[in-house]
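Visitor: What TrEMBL records for this protein is below:
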type	residues	note
DOMAIN	28-434	domain 'Amino acid transporter transmembrane'
REGION	1-23	region 'Disordered'
TRANSMEM	58-77	transmembrane segment
TRANSMEM	124-144	transmembrane segment
TRANSMEM	156-176	transmembrane segment
TRANSMEM	188-209	transmembrane segment
TRANSMEM	229-250	transmembrane segment
TRANSMEM	262-285	transmembrane segment
TRANSMEM	305-327	transmembrane segment
TRANSMEM	348-369	transmembrane segment
TRANSMEM	375-399	transmembrane segment
TRANSMEM	411-431	transmembrane segment
């Protein structure tokens with residue numbers, strides 16, 4: 001479910017899992033502990049460093065109440081996705097696993113006649129939302145790395161623009177992104193994860209050591225209106241890890257232990273929610289309305305230890321960029337190759353050129369939208385909400401519609417409430433994020 005997204009992050013783990021499954025029927029099935037670790041690694045990092053800004057927009061008490069509620073809805077929607085996928089696999093005896101887009105397609109194909117013709121379209125829409133989300137992650141990586149590096153350079157009297165600093169980061173990020181094989185990229189995953197966790201722990205330690213914490217009474221306890229829309233977007237960005245759910249479950253020795261009451265999913269999300277809540281509460285209490293889109297930016301830029309923490313966090317994100325980029329290319333490249341004659345004749349050459357262009361595009365978007373916290377809210381409100389809330393509800397409706405008695409009043413009302421919350425979040429969060437981005441653009 002800002003800022004460093006997870007270094008190995010969400011769909012990076014998804015693809016690693018799928019690649020392993022595709023090449024061997026399962027030489028190594030993951031244990032419960034390993035599954036928890038994968039889900040934790042794939043979720044923590046996406047919005048962890050933005051939790052201070054998230055709490056700034058939600059209020060100290062308001063955000064603390066709403067974060068667990070959002071987490072519960074996310075888990076419930078993930079359970080609906082799992083159920084839909086299991087039913088789809090049961091119908092096709094030759095299938096052992098369906099990922100998120102395939103689950104949507106198969107559920108619609110088996111649904112009532114009016115829905116069947118939408119199956120291909122729904123799969124395409126889900127793939128596009130995954131792709132846009134991943135593209136946003138890559139652009140956010142550029143912004144995160146640049147802002148931390150720029151702050152360090154300024155502390156040493158190197159006064160260059162933010163845009164030039166971002167340009168300096170372009171070449172190092174581009175070289176590993178041109179690699180077309182994940183096995184050459186994935187070894188940096190462990191280091192990236194370690195760097196991010198170290199950056200978070202060190203940042204919070206420095207926050208506690210840097211003088212007494214302000215009184216809670218000095219902070220806004222609740223927020224309403226436009227700011228709450230930004231809170232919703234950032235929170236959904238942080239929790240959105242739904243694309244990881246099916247691959248991790250399928251990779252387990254005992255898949256049933258993934259989604260049972262005290263299984264992998266519930267326990268992992270409980271830990272992640274507590275971590276997000278603690279980080280957000282401490283960050284907003286410490287820095288108040290001055291908290292940045294990444295809490296590392298609130299550290300003293302002249303302090304050597306703070307600089308080391310920023311470098312560690314930036315490195316974690318830097319080494320995560322190629323993995324995030326690889327996942328995006330896994331979605332985009334196959335249709336490009338299929339519909340381009342030159343790509344079929346010279347696949348490696350064309351793919352490298354295409355990757356070069358896509359890196360430049362993520363760089364260009366990051367250059368145009370340099371406000372980290374607003375970018376995070378926009379991606380969270382527009383894409384993460386749809387993936388985490390909307391499509392799982394569609395799956396549940398289509399699956400239950402095959403047996404009308406399963407679509408009772410309670411189920412109908414529950415799903416409609418989730419959809420209403422999602423649509424309100426998408427509309428208000430997207431509008432407010434774009435409005436603030438345009439406003440910041442003209443101010444700059």
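Numbering starts at 1 and runs along the chain as displayed.
Any Cβ shown, glycine's included, is placed from N, Cα and C.
Heads up, TrEMBL stuff is auto-annotated, nobody curated it.
A description of the local structural setting of each listed feature is requested, covering burial, neighbours and distances.
Guide: Counting only same-chain residues 6+ beyond the ends of the transmembrane segment (156-176), those with a CB under 8 A from a CB of the stretch are 141-143, 145-147, 149-150, 185, 188, 318, 321-322, 356, 359, 363, 366-367, 370.
Long-range contacts of the transmembrane segment (188-209) within its own chain (CB-CB distance under 8 A, at least 6 residues past either end) are made by residues 4, 6-8, 12, 41, 44-45, 48-49, 176, 279, 282-283, 286-287, 295-296, 298-299, 305-306, 308-310, 312-313, 315-320, 322-323.
Sequence-distant neighbours of the transmembrane segment (229-250) (same chain, 6+ residues past either end, Cβ-Cβ under 8 Å): 1-2, 10-11, 13-14, 17-18, 21, 30, 35, 38-39, 42-43, 46-48, 50-51, 53-55, 57-58, 62-63, 66-67, 70-71, 74, 77-78, 81-82, 85, 96-100, 103, 130, 133, 223, 258-259, 264-265, 272, 276, 373-374, 376-385, 387-389, 392, 425, 428-433, 436.
Sequence-distant neighbours of the transmembrane segment (262-285) (same chain, 6+ residues past either end, Cβ-Cβ under 8 Å): 32, 35-36, 39-40, 43-44, 47-48, 51-52, 54-56, 60, 63-64, 67-68, 71, 74-75, 78-79, 200, 204, 207-208, 213-214, 216, 219, 238-239, 245, 248-249, 252, 256, 291, 295, 298.
Residues 1-3, 47, 50, 53, 57, 73-74, 77-78, 80-81, 83-84, 87, 100, 103-104, 107-108, 111-112, 115, 122, 126, 129-130, 132-133, 136-137, 139-140, 143, 229-230, 232-240, 242-243, 293, 369, 407, 411, 415, 418-419, 421-423, 425-426, 428-430, 432-434, 437 of the same chain sit 6 or more residues outside the transmembrane segment (375-399) yet have a Cβ under 8 Å from a Cβ within it.
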